[in-house]
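Trainee: One structure follows; several queries about it will come next.
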Amino acid sequence: MSGNRPRIVLVGPPGAGKSTVGRRLSAALGTAYHDLDDHIVEAAGLPVPVIFATHGEAHFRRLETELLARALGGGGANVVGGANHGDGGGANVDDANHGDCGDANLGDGGDANHGDGGDGAPQFGGVLALGGGTPVQLLNQRALAAYAAAGGIVAFLDVSVDAAVARLGEHNTDRPLLAGDTRAKFTALLAARRDIYEAVSTVIVDTSGRNATDITEELLTHIAKEDADDRSQ
């Protein structure tokens, strides 16, 4: 895919391994890794749980949509300092920092450095991991559809309930939407979002019981195929 758009976008629920696999992909490709939640935290100047508690989920989603649009080249308002906005409407892969499961210490985070991008230009390239709820918003679905239509790869990292809860913990306190009974909340969340993840994706990879190396290799194969298809056109 040409330009400064991401080489690949990773979607999926918490615990699917987006952060871990994303970092490995970026290392293998020699490109940057970006976590959209990190960019939101940087723009708001607050951790995600504090954004939810102080400004509400609607405010968080608004920042999320603006930053995704900028990342994919769809413009988006300048949200730096966005916390001042009012509420206007070989390891088991892990999306959270829950210790070493073998092949890697799998955790959230990543390079939050913003690339140059104005006038609707994509803000950064590389590997982009989205928050679990990002694809739920209609505007974000449209942005991902446009990115995919232009040749972008949107990979849905799927995961079973048991595998995700093993990675996240039975009583996760780091994620506002999973606080409390993580298993029950994750089960409901995945049931509500699975069709959306499948609809926005161009490839689906099951991460349950698999190590990060195998998943990364599978995605690298998809990227190589996409690059070959681009060259043949």
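In case you wondered, yes, glycine gets a Cβ from its N, Cα and C as well.
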Trainee: Starting from the substrate binding annotation in TrEMBL that includes ARG61, GLY132, ARG193, which of ASP37, ASP38, ASP162 is the extra site residue?
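Mentor: Looking at ASP37, ASP38, ASP162, the one TrEMBL places in the substrate site next to ARG61, GLY132, ARG193 is ASP37.
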Trainee: Taking only the binding-site residues ASP37, ARG61, GLY132, ARG193, which one has a CA atom nearest to the CA atom of GLY17 (ATP binding site)?
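Mentor: For GLY17 (ATP binding site), the spatially nearest of the binding-site residues is GLY132.
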Trainee: To the nearest whole angstrom, what is the C-alpha distance linking SER19 (ATP binding site) and GLY132 (substrate binding site)?
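Mentor: Distance (Cα to Cα, whole Å): 11 Å.
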Trainee: Going by Cα-Cα distance, pick out whichever of the binding-site residues ALA16, LYS18, THR20 is nearest to ASP37 (substrate binding site).
Mentor: LYS18
